[in-house]
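According to TrEMBL:
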type	residues	note
ACT_SITE	Arg20	active site
ACT_SITE	Asn38	active site
DOMAIN	5-91	domain 'Acylphosphatase-like'
DOMAIN	224-409	domain 'YrdC-like'
Amino acid sequence: MKIKRLFIKVEGIVQGVGFRPFVYNTAVLNNLKGWVNNTSEGVFIDIEGYDDNLDNFLNELRLNPPPLSRVEKINIVEKNPFNFHNFEIKESLEHLDKITLISPDISICKDCREDILDPNNRRYFYPFTNCTNCGPRYSIIRQIPYDRNKTTMEIFEMCPECTEEYNNPLNRRFHAQPNACHNCGPHIYLTDSKGVDIPLTDIIDNNQELNKLHSTNNEAYINEKIIAWTQKKLKEGFIFAVKGLTGFHLVCDGENSSAVDLLRKRKHRPDKPFAVMVKDINRAKKYCTVNAKEEELLSGIRKPIVLLNKLNNYSLPETLAPNQNTLGVMLPFTPLHELLFLNDLNVLVMTSANVRGLPLEYINDNAVDHLSDVVDYFLMHDRDIFIPVDDSVSKVVLGRERVIRRARGYAPEPINFKTVAPILACGSNMKNTICISKDNFLFLSPHNGDLENLETYEHYKNNIDHLENIFSSNPEYIVSDMHPSYYSTQYAQSCDTELIQVQHHHAHIVSCMIGNKLSSKVIGLSFDGTGYGTDGKIWGSEFLICDYENFHRAAHLDYVMMPGGDAAILEPWRMGASYLYHSKPEEITYISDFYGNKADILLKMIDKNINCVETSSMGRFFDAVSSILDICQKVTYEGQASMELEALINNNDNDSSYDYYIFNKDNELIIDTIPIINSVVNDLRAGTSKNMIAQRFHNTVISFSVDICKRLRILHNINDVALSGGVFQNNYIFVGLVNALETQGFNVYSHSIIPTNDGGIALGQLVIADAKLKSNKNY
């Protein structure tokens, strides 16, 4: 039989996922000869053998690649036979200006979990156990290609045993770049709140055990004692900062209400819900309802925080998620987390470790500087994190995953889309992400957070530099929001690159369109709290007729004054007063004691348009009703007033709503909010329960939204509706509107892996900019 030789290039997520070992083993199994290596372009394979064997190899390559890989493209060229003697893995090569896809950081796999819990395994109680199927990836990579010397593991030289595993094609740690063990890898240690190491003599108070330690120098034994001491202190109510896979968490016993209260006090976080980590899926089911899709998310390789509905007999402290019907829950995703739950701990608060307004802590010394007043102890380790990545947050609605915060486990997975040139999109100011294009892909960064100050701005710029570096991108165009005060806009304006500005709500809708592979015109509903409009006013209840390139504003809420500007976001009572001023000014002073003497001042501000901006924001409309019902007058976290208003609804069968009025002005449909506010006040005066009023208000928003969509369908002959914006994180509004629109025959599209909130804005910005460039240059 004739020998055939193939040169194969595999593009996609093929580094750091065990792809070369997979290729090696598959080649050897099929008696093929040649080599495989990593390059900046992807994985190269030079392979020869008989036709049937090559066919089997290619079938495996296409159909059964490693579970963490994502094959985007396979290019095959036949060459003259070379007569290779064996099959080998060659040293990685760099190719300038070429792209390699990188895996996100992945949670501990089943096999590694068994290793750390087996007393006879040499990785027993080793908190940095990993293999080609799990462990750190994006957060430790400094440069590509993905090899150990280009990661933060470079300083840890593998011991002979780890080296043997690394070089053994039959081992699952074959070419696992972060491979390590007790003898050669990173270590955990404890410090007090000032960063002073806690000696083992303080952790182990038994002389006999200390003598045992000195005689054996057993690293596993030391880790057991460190973990046991940490568990004991957590049960006693102490607060820790624990360095994890991609950053620090603030941690306390989630069953200890005093510890939770203390953490809230020290972190200056009185109301915003905490996420918790629970021991296992069965423990999650003791506190919350968990359906099959939610269990799949909780237990999968990404391990996000999943928002679950609390059980009626929910037994955890209410202060974990006050005034909410849901709780953010995740399962252990690192070996260290698994070890922390080996004792009688069942629930741990796991909230991002940062001082309010500052980025996530990930550097040991900085964490001590910034968190020493918050925590009692640090559980540290000495594996550096090169780029911090926050926890992802997700939920399941209508049987489908809806990502709220796209970060660990998800980013920087690519989106297939070809642009005319390399582009950088700078995102929004809130829930910021950035997006870059390179070759046939778009890369949306992990969640950066809110750009509120110079510290977060510096963090933002570092993330841009890192993303451009690892994907070898040199943007020819830069895209920003239209808001002149955004840090992201100012960054874009400071760059010596051609600038394209994009309207906020157009970007929202296009981010939804690209996630659903829509390219024709849609009716886009973009409901959120803030977005700078083309008229210089604050938009947020937008019904757009749009495609990638252009949009037409077809309908929105009538404008009202936002007294005090951004102060109204933090103090919903201002919006309550403003809406009452436009509908029932005589009711302002009695509706809530919060208004008090401030009401007169506020009325004058509105009347004379002093320090006011006009807004059509749906988010502010919700805030106003929350205030009028005296649910929330001041917020301590974004969306609090609206979330607490939604949480009041306890009867899904009630479909009653309020009257509304829609009028036409300058070829736009305007929703008059005065009748709705009047009805809310009348219900309140009549003694109607706040639960019922909240539900009727939500039903009214659904009702007028469907009404407008029906009118726009007639006007524009469009039947596709795209929903985007932070308001659609409200489950009642989202589910109710989807069902109502589908009942009317609309095709309804929404977000899944791309966040519906401002975390998806950068993606929309980039696609819009690309469409404008293609149009102007006739691509």
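For all residues, glycine too, the Cβ spot is worked out from N, Cα and C.
Counting every protein chain shown, the Cβ of Asn38 (active site) has 25 other Cβ atoms within 10 Å.
In the three-state DSSP scheme, Arg20 (active site) falls into the helix class. The two recorded residues Arg20 (active site) and Asn38 (active site) have their Cα atoms spaced 8 Å from each other. In this view, Arg20 (active site) is surrounded by 24 other Cβ atoms within 10 Å of its Cβ, with every protein chain counted.
Summarising model confidence by region, the domain 'YrdC-like' (224-409) averages a pLDDT of 97. Across the domain 'Acylphosphatase-like' (5-91), DSSP helix (H, G, I), strand (E, B) and coil residues number 24 helix, 39 strand, 24 coil.
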